[in-house]
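Annotated features in TrEMBL:
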type	residues	note
BINDING	B:C24, B:C28, B:C31	[4Fe-4S] cluster binding site
DOMAIN	B:10-227	domain 'Radical SAM core'
Amino acid sequence: MAALTTQTIVRLTPTYRLQWEPVQNAYVLLYPEGMVTLNATAGEILTRCDGMHRVAEIIADLQRLYPETDAATHLSADVLEFMEIARNEGWLRTV
Amino acid sequence: MKAGFAPFRVSPPLWLLAELTYACPLQCPYCSNPLAFARHRAELDTANWLRVLREARALGACQLGFSGGEPLTRSDLEVLIAEARRLGYYSNLITSGIGMDARRVAALRNAGLDHIQISFQASEPVLNDYLAGTQAFAHKLEMARQVKANGFPMVLCFVIHRHNIEQIELFCELASRLGADYVELANTQYHGWAWLNRQALLPSRAQVEQAEATAHRCQQRYASSMKILYVVADYFEQRPKACVNGWGSVFLDIAPDGTALPCHSAGELPGLSFPNVRNASLAEIWRDSAAFNRFRGFDWMREPCLSCPEKHKDFGGCRCQAYLFTGDPSNADPVCAKSPEHQRVVALANAAGNTPARPIRFRNSCNSRIYHGIPK
């Protein structure tokens, strides 16, 4: 599998469901008999993986949400790193 | 609760298991239903189940299992699924596959069901249908194909014991051929009918070791196409499983008659009176009932659990297993090598390879009336 780049387009794997859970105050990822409770940033990243936007656009959008982060370095690397993990877990697919 | 301490915060019941019925066309001898299932008559009606779904969702439940018995025997299953979807549950149907046809699989999809798990008893028809007590194998194959054709994620579940433990590789080949997304290779948990049949079902230590190695090899081989989950045979372990992730922590089971339970087999524990959803709200049951608070947290523990550094990991193991082996559910799960009663488990496990074949007592109404008193 080729590494993800800022030009890649990713989407949630169709057999997973991402939803906001008020009781847990978090986004969760639901799949057969399982659930992952996502931390705030992971949730914000996955909600943007809609199969229509490039990773670069997602990073730019997150930059507006977390203006204190240095987009050129940390945010970009963090988002790509998390997306690789998510893809390895089967949560994300490239389009 | 001791004065001066902050109140123990009750976590939400994230996992709701709706055991819709004890009716089942199969007779699997390791069934987790209570031995006395034939005595249970009045199933909750549709209105009560809908209320259970709403109340549990409000408490935070998001994973929902429709189970049984065979949940397909309920003609209101599609109604319950539709409400579950509307409420935002991820709904799982845990089924033998018997009781549906291509049209019903499509109807379940249209109602909003998220996932179907089909159980197999073996990898070929002769053993499968012997263990199921009915002709089932060919229909299961056909239903697995329909599940995939309707776009469901599919889990195939194989409960493992002495009679099929050498088929691990064949299970994985079958699952791969059918396009399964997940495979559960689950060693039998010895409660209910499985406890009654433990001497007939327990594999030998050598079989268990080989099965585990084969399962791990298959996990590698199929890594790109399906996830294989291997549930260990805990009698052969040194530490207990974190049963239901701790009593009253995430798991809420509603039995067919509306009894609320912290696990499938908790109803067999002595001295506990489990509340019924007909008489109380789920919020009262989950947060306040004596039964759900009995083994919640850590205050109930005795040694060796109380001072054990691993108690946050395994919560003292399984209360039902502690009761079955030691007669007291407050004891440590004797699977744990730190338990003074651990030798009882070791003795049973060691004997498994050396005992002559025992007759299997199948799970049916007739046997339920005979063996309802066991275990005592």
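Using N, Cα and C of the backbone, Cβ positions are placed for all residues, glycine too.
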Spatial neighbours of B:C31 ([4Fe-4S] cluster binding site) that are distant in sequence (at least 6 apart) but have CB under 8 A:
B:C24, B:G192, B:W193, B:A194, B:R363
Would you report the average pLDDT that the model assigns to the domain 'Radical SAM core' (B:10-227)?
97
Neighbour count, 10 Å Cβ-Cβ cut-off, for B:C24 ([4Fe-4S] cluster binding site): what number do you get?
24
Other than B:C24, B:C28, B:C31 themselves, what residues in this chain have Cβ atoms within 8 Å of the centroid of the [4Fe-4S] cluster site's Cβ atoms?
B:L26, B:Q27, B:P29, B:Y30, B:N33, B:G69, B:S96, B:W193, B:R363
Including all protein chains shown, what's the count of other C-beta atoms within 10 A of the C-beta of B:C28 ([4Fe-4S] cluster binding site)?
22
What does DSSP say about B:C31 ([4Fe-4S] cluster binding site): helix, strand or coil?
coil
